[in-house]
Every structure is written in C-alpha cells, then in structure tokens.
Amino acid sequence: MSSSVKMADCIRVPLILLVMSLFSYAHQLRLDNADLGGRAGANADKPANSAAGLGAGLNPGAAERNPAAGALVTRRRSTGWKLSDEAVCRDDLTRRCPKHSWNNNLAVLECLQDKKEETEIAADCSHLLWNYKLNLTTDPKFESVAVEVCKTTISEIKECAAEELGKGFLVSCLVDNRGNITDYQCNQYITKMASIIYSDYRLICGFLDNCRDDINTLRCGSISTGEKDIHSQGEVIACLEKGLVREAEEQPGAHHIKDDCKKAIMRVAELSSDDFHLDRYLYLACRDDRERFCENTPAGEGRVYKCLFNHKFEEAMSERCREALTTRQKLIAQDYKVSYSLAKACKSDLRKYRCNMDTNMPRARETRLSYLLLCLEAALHRGRVVSGECQGEMMDYRRMLMEDFSLSPEIVLHCRSEIENHCSGLHRKGRTLHCLMRVGREDMGTIEPTCQRALQALIQEADPGADYRIDRALNEACESVIQTACKHIRSGDPMILSCLMEHLYTEKMVQDCEHKLLELQYFIARDWKLDPILYKKCQGDAARLCHTHGWNETTETMPAGAIFSCLYRHAYRSVEQGRRLSRDCKVEVQRILHQRALDVKLDPELQRRCMSDLGKWCSEKTELAGQELECLQDHLEDLVSDCREVVANLTELESEDIQIEALLIRACEPVIQAYCHEVADNQIDSGDLMECLVQNKHQKEMNDKCAVGVTHFQLIQIKDFRFSYKFKTACKEDVLKLCPNIKKKVDVVICLSTTVRNDTLQDGKEQRVSVKCRKQLRVEEVEMVVECLKENKRQLYPRCHQRIFKLQEVEMVDPELDYQLMKVCKHMIRRFCTESEGRNVLQCLKQNKNSELMDPKCKQLITKRQITQNTDFRLNPVLKKACKADIPKFCQSIINKATADTELEGQVISCLKLKYADQRLSPDCEDQIRVILQESALDYRLDPQLQIHCTQEISSLCPEEAAAQEQTGQVEECLKLNLLRIKQEACKKEVLNMLKESKADIFVDPVLHTACALDIKHHCAAIPPGRGRQMSCLIETLQDKRVRLQPECKKRLQDRIEMWSFAAKMPPAEGLSDLAKQVLSSPSKNYILTVMAAGVTLLFLIGMVSGRFTKRVTQELKKR
C-alpha cells in the first residue's frame, strides 16, 4: 500500500514535529536569542492555546475530572507556555530532569517519558502530558513550520510535495519517508517527532481506528481517554505484536488479527527499525542491557538492535529484554523491512535481481525474510554479484535463524510435539534445532514429515553449508578440530565442512563435533544445492542430465537425494555410454561419495529404500562407522528388491573406485604406502587398488582392520559379477547376451566357460565370448579350481602343494575368505554365530557341529575343515596360540625336520597328545588338545597319523564302521578291540597311544563315556574331569565289592583295563639298535638323550674322584 493512500485513511500526526523543530532549529542554528525567542514564543503560544481548546473539545469533562487539565484548557499566555510551569509535574520534573532543560518543552517531554516504571510519574502529570502530546499531533497550524524547516526535503520527495497542505498529511509523509531525508535539520525534527508518536499507540496515525477491536479482544490495554491514561503505552503495541506472532505460529487460542491492523503493526515496526528508542516497549525493557552490552554502540540505522541481537543469549541478558528482542526478530522474519540495516543494505540488490517483482506471489510472502534470503542466495550461487554490505547483513540473519528456532513459524508450528517430547529446555544457541535434526536423523519414524520439511526449508534459508560459522552450535563444537585439522583453510570457506567430513572417525575428531556435523550433513545430503561447491561445479550438468530447477525452486514430488543419485550414476559412465559428467563435476561427486559412504543416513536414497531391511538385518550394526552398509552387503540376497538394487549399485561403484570406502583406505594406509602407492596415486576407474590390497593381504604391514575390510570386499565380489570391476568391464556385454538373468559370479563364470568350451569343441564355429572376456575368464576360472586342488592336495606336485597349503593357512586365520564355507554354512552362521567375529566363525561352527539343528551339508564341510586343521598345527590358529610355549618345548625336533610350507601330517598334534596323557602341558594348551582328542575319538579321520598308518587295518578289520555315514567313534573302538590282530607296528603304536590318552581323560573315550555316563553321575560327580581323575574313580568303584556298576559300563571298563595291561606288557626293545630306534623315534628323544648324557657325565665325574682317592691311598701304603 502506498504512503499517500495510507494518509488518506486517517487523521495525520504531523504537528508535534513542528514544535520540536522550533526548539531544535533555534538551538542548532544559534540564531539571535531575542529574535528566536520572539518567534518561538509566538509559535509556542499558539499551540498551547490551541491545544487547550482542542483538548477540551476532544475530551469533554476532562477539566472536571482533572484540575490540572482544566487549568491547561483555560490558561492563556501572552508569552510562551512551558510544561515546567505546571505544578502537577513540578515534583517529577525536579526529581528526574536537569534544570537547564526546563525551558524546552521537548526536552522536558523526552525526559519525563524515558522512565522505567509507570508508577514513577504522578497520574495528574501523566494526563497533562497526554493532552499536550495529543494536541500537538492534531493541530494543523504547525504544518507551516514543517514547510519552512524541511523545504528542501519536501521538494525532493515527490509524494510529500504532492500532499495537500492544511490537513495534517505532510508531517506523516515525512515520518514515513524519513529514511530518504538527507537534510540534517529536517532529519532531526522528524526523529524527535517519531520519538513522541511511538510513545503511545493512540498518537500513531490511524493505529487506533485500525486496531481498536483487536486491542479489546486481546486485552492489550485501555483506549478510553476518560480512564487513567498510561504515559507510555508501548506495551499495547508489544501486546499486538505478540498476538501477531501467535497467529503466525498458529498457537492454540490465537486470535485472528484484522488485515488493516496487521499492516499497521508491521508499519509501526518498520518505521521504528532505525532507532531502538522508537520501539518504546523494547527500549524500556532493554535499557539496562543496552548499557551493559552496547554502551559504545551509537543509536540509529538499527545498530543498537543488531548489537542486542548478538548478545541475546548471554547469561547476563535480562529475560524481559530477551523476550522483546525475540518478538522483534519474529517480526523481521515476517517482513525483512522491519530490519532497517538489512532493508537498506540489500535494497539495490533486491531490485537488481527482481526479488520483489513476482506478481504471482502474495505480498506477505514476498516480504518474508526467508524469501529475501533464498532469492539473494540463489543469485550468489549462480555467480552473480551481491554487495558486501548486503552479504554481511544476510550472514547475520542466517546465523540468527540457526540460533533460535522460534524465529521460524513453520518450525514452531510443525515441530511442536517433537520439541516437547525430545528437545524441551534447549532453546538457546541453536541447541533445539540440532536436537530436532538429531531426532530426524536417528529415527525418521519419530518425526512428522511436516516437521522434517520445515527443518529442510530452514536449512536451505540459513544455508550453513556455505559458511559453517552460521551454525553456532557446530562452530563451537568443532572449533578445536578446525584449529588442528583444517587450519590451512580460510575461515568461513565452504571447504571447512568438507575437511571436517574427511576427518570424521579419526583421532582428531571430537565426539560433540562428530554429532553436530552428522546432524547437519544429514539435511545437506538431502538437497544437493546445499553443498555450495557441488552446486557450483555441477549446476550445468544437473540441468542437462537431471532436469533440475533453480537454486531457490523446490519440488516436493522429487525424492530427497534424487539429483545427487542422478549425478553419481552419470559420473561412472564409460565414453561409449555417453552423457558423462564434466571433469570438475565428477571430482566433486566423488568427493561427496567418499564422505557420505561413512554413514548410510547420508545417502537419502539408500536410507529410504532400505529402512525396513536396516531394521530387520542390521539393527545391531550401528556401533562403528560403515557397519550398516557392510551388513546390507552381507545380506544382499535377503533384501527387498528396491533396497537390493540401490545397495548393488553402490557396491558396483565401490568396485570401480574403492576410495569411496574412506575408512578402509585409512585402515590400509600402511599397505598402500608400502606396496600400492603407484596404483593409488594414478587410479582412474580401474579397480587396481583393491586388487593390489588383495595381493598384499599377507604382508606384515597389513593390520586387522584393513584385512577385515579387504576380506569383506572379496566376499561380496562373489555375490554379483558386477562387483568385480575388471570382470564386469571385460564381460558385461557377453553376460547380457549369453547369460541373461544370472547375477552370481560363480554361475556367470560357469555359464561363460561352458559357452567357450562348446564353441571350441565345435570345429569352425566362431567364439561367441569376446577375446577380452575370455582372458579375464581364465583368471576367474583359476579361483574356482582351488577348491578342487584343496581336496586332492596329496596328489599335487610339491610346489603346488605348498601354494595350496599357504592358501589354506590364510583361510583358517580368516574363515570369511573360505567361499565354500561361507556359502554352504550361511544359514548356520546366522543361527549359531551372529555374535562371533569373522575370524571366529569356524571355531563357532565347530562348537555347534553336533547340534540337532545343524545342517548336514554344513556339518560335513566343517568336518572337512577340521581334518585339514588337524594335519598341521599352523592351520589351527586357536591351537597355535594356546600351545605357543608347549610346541617348541616338546615338539621342536619335528618342526626342525619339516621344510617351509609343507604339512606335518599331524605329527606335532600327536606329540602334544602324548604330553597330554603325561599331564605335562600348560592349561591353555591342555584345553585345546582335550577338544581335539574328543573330536578325533568320535571320527578317526580327524587323526591324520591314525589314518596314515592304519588305512589297511581299517579296511580289513573295520570296513562296516568306516562306511558309516556318521562317525561316532566306532572305528576307534573297532581298532582297540582288534589290537592283537593288528600287524603293522606303526598302526599298533597309534592304537596304544589312543588307549594311553583315554586313560588320562574319560571324555577322550566316547564309547566308554557313553556307557558309564550314569555311573559317573552317581559315583564320581564330585570328581572334576581331566588328568585321569574320573577314570581312577570308576576303576576304584569297579574294585569295590559293595558297589554295582551298570552292566555295559562294567563290561567296557573291564575291556579297557585289559587293553591297558596289554599295552603295559608290550615287548621291550631287543638290543641296542632297537632301543636306539625307539629313542630316536620318540617325541621326547631330546629329553631322553639329555638324561642319558647327564648320567654318563655323573658316572665319569664319580670315577675320576674315586680314582684319585684310591691312587693316594696306594702311595701311602707303599711309603710305609
């Protein structure tokens, strides 16, 4: 609405300006005192008399109710009338105002109305001042003085020059346009005039008429001049402003203020925006705070407002002032013109970029602070020039929005329940906003979509991605990290946020910064425009390939993160595929991918599509960074189709650019620097870096974290041929043509290999598989042959045998590399080993092998792996660790005989078994050997020495037991019962060793233990197992005539005693040669030889001593 239209609607406010202009004008120009005094007196006398008449006319009966007012009405002065002459104000004047100001009515009025409490001025004086001001603001006679003082200004402001004189409209026009007044004296008059007008809502032109009903409804104060008048009624305007804010926030019970009153309220706020004295409520509420925080800040141009805004959350700030400041900030959020400095600084830029020229938009929205910020930010992001002064103002108000959520009506309206339930009491310094962001990030189900959208809109308006300092909470939390990790980047640079992301989960990151950073990045990730570097480099590509809108244009139909997903899909296209990203844009897309791979929540598409699967499969995989994505990759076959598609796409990108896995690259830094630095520095979409890491997985620089990450990647490569970059690149077209609908890499390799074989066997037929694919196929086929080689390694040449042994050693250390095991036992691992680490999976499966729920195929494969482990202690990492001191102590001679990377055929484990029977092992090693003995007692195949030396005897004496589908110790029992029929001494020796071992622990003899389980429970329950204690208990019970054992137990136990007796009667060595063979073949030969040598040495020393003594005795006898 134009200024002239507004003036036509009301009785104007002009004339107080003129009185003040006379006094100020006379003083400032230092005119002749006599001449000035006469003029001032003449002009002052007129308004005094006129005021009395008008006052009586406007307020009938005032004289009767107020003698002071009556005196003023009837008083006539030939000279100038003075407020200081009135008795009703003398006490207040003496108490509050310096005497030199008494001759100036304006100075007296200013002094008396600048009060803290309304009770400080007497009611009669207050009423006198009210009538005086009212008369001044309604007397057209003073218009002539305004014309004289502001002559130049009036001619410059066309709309004021066009006002009809004599109706009081001119001064109101000057007040409305005082921001454009350049003449110093005129500006001073208008400022003084405004300070009086805004001290009482009833003195503001048209305000009373427009807002009468709303004042009554909201109970904002009295509007009847017949009642006790309040000297300064800024509270009434403040009350209406709060009502306006409550309506905007749609608070319960909010009153709908009429449009005319809304305009009047906002106009008053706008006209009081340059000088905080004009906002009477705020001035009085913040007077002490102004002295405390902004003492040296000059008034005018909104400077005091800004200073107080900056200190709003200081502990020393009074609550009343903070509340008044917040109300004013909320009005600024509704209309940017309420901020004098912002409107002035950005006026030309708003016009230049047509930010207020949208005719299709309601005026109320066009003036909103958010619209202004979005419009100017869009210009900046397009590379346009916005004045530095305007950018500074924008920065201040963007920071203001991030600091106090209540300045955004949408947040207050749509996030009310979330704030009450999760974030109450955190309203200062941006903490509530970050709390809401945390709630939205951690569990999307606990935050309403409308609140989520309001948060996203606020983040776009504030645009903290362009300058981290806008987010005060983030700035304070990350200050130490920025000073150490990002000190090389200029303060305020957008790359600071990128730097912080690169140091996420490093030793330089602090927890509070990590949380605040991820909370902000969660929302930045949902709108690609909020990363200013990405937007700058990719806006052309996005418009060309992804059909994007302008920076400040949004569409709710487009899913969060859709544009960035579009960009990264085009980032890795080949030249043949076309429509690729520009080089600069691709670099930025890769940067974002590397950073966001740390957390699935930073990938909106992944989180949206995989929400249910994350809850179903990965709810416990949230402790460490990157675990959730790894979990989804592990369960790829189980995911719903939408989730499987997005996880597969992301995994395919990782195979092409493994540096997306930032945590893996950090963990593997030592290996990369030592062996892979060339491919790491020069890698361009080749997958060579991961290949290098796999090849060097067994180097000493490889740490556990890196090994686990590389192993994980090797495993997921098996699930889909697209996850092997080189194979995909070489064979993708062949797969689509020859093996459609096949995804698993193994199946694809078999399909292509079969095609190559068939084409080769058919003479003259052209190969359908391309040359480059056939070359890569050979590499993949080798991997599939390995399992076959493992099963037939005894028939391999020594060199090949060594390589297979080395491979098995690696797989036993990390069973996740064992493709066959992970594939066959996949469901059993989920059932029994969900809490086990990857390297402990085989150990867990072994412990649960005999469970009724164990899958037969998995059990069979576990047995195969156990057989492999028992061939060499190096293939059993748990045993190797437990017996690291016992093996060199008792079995070093066996190790010395063996060559590197050749199997020991169970000799070391047999050695340890004998020491177990002799009770000479350490506790940890004893526990592991006991487990091996128990397992091998049930299945003879787990004892390599027994299987090697007794193959013929098992075939001839125990064929039926060996043919049993499930081994339960029958073969071992058969050999024991047929001990006398065994002809080969080596086999007989192994059976005798078994008997010796079973005597040391009944658990090692499953047949006897099963037969005697009940008797052990009844008679030996208090005896701890191990070291032959329970076996001795059973033997003593058997010999006790008073106790009767179970028949089966008694029979088996008697058989065992006979066997042990036979073993004890084994023929001794025949001659020295036989004895030497037995000693040399004994695992304890070193011990035996040492004892023998010590004995011989002792005898020699005794002989020497005895010989000398005998010789001395003989000599003495001769001398006699």
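Using the three backbone atoms N, Cα and C, a Cβ is placed for every residue, glycine included.
Nobody curates TrEMBL annotations by hand; they come from automatic prediction.
Small disclaimer: the values here were computed from a predicted structure and weren't measured.
Here is what TrEMBL says about this protein:
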REPEAT    256-316  repeat 'Cys-rich GLG1'
REPEAT    385-444  repeat 'Cys-rich GLG1'
REPEAT    446-508  repeat 'Cys-rich GLG1'
REPEAT    580-640  repeat 'Cys-rich GLG1'
REPEAT    701-760  repeat 'Cys-rich GLG1'
REPEAT    795-853  repeat 'Cys-rich GLG1'
REPEAT    920-983  repeat 'Cys-rich GLG1'
SIGNAL    1-26  signal peptide
TRANSMEM  1087-1110  transmembrane segment
Does the structure show the repeat 'Cys-rich GLG1' (446-508) and the repeat 'Cys-rich GLG1' (580-640) touching, where I'm treating 3 or more Cβ pairs under 8 angstroms (sequence separation 6 or more) as a contact?
yes
Quick one: find which recorded stretch in 385-444, 701-760, 920-983 has the most Cβ pairs under 8 Å with the repeat 'Cys-rich GLG1' (580-640).
701-760
Could you pull the average pLDDT for the repeat 'Cys-rich GLG1' (701-760)?
85
Taking helix as H, G and I and strand as E and B in DSSP, count the residues of the repeat 'Cys-rich GLG1' (701-760) in helix, strand and coil.
49 helix, 0 strand, 11 coil
Counts of helix, strand and coil residues, the repeat 'Cys-rich GLG1' (920-983), according to DSSP:
48 helix, 0 strand, 16 coil
Using DSSP, how many residues of the repeat 'Cys-rich GLG1' (385-444) fall into helix, strand and coil, respectively?
45 helix, 0 strand, 15 coil
Which residue counts does DSSP give the repeat 'Cys-rich GLG1' (580-640) for helix, strand and coil?
41 helix, 0 strand, 20 coil
Tally of residues which DSSP labels helix, strand or coil - the repeat 'Cys-rich GLG1' (256-316):
37 helix, 0 strand, 24 coil
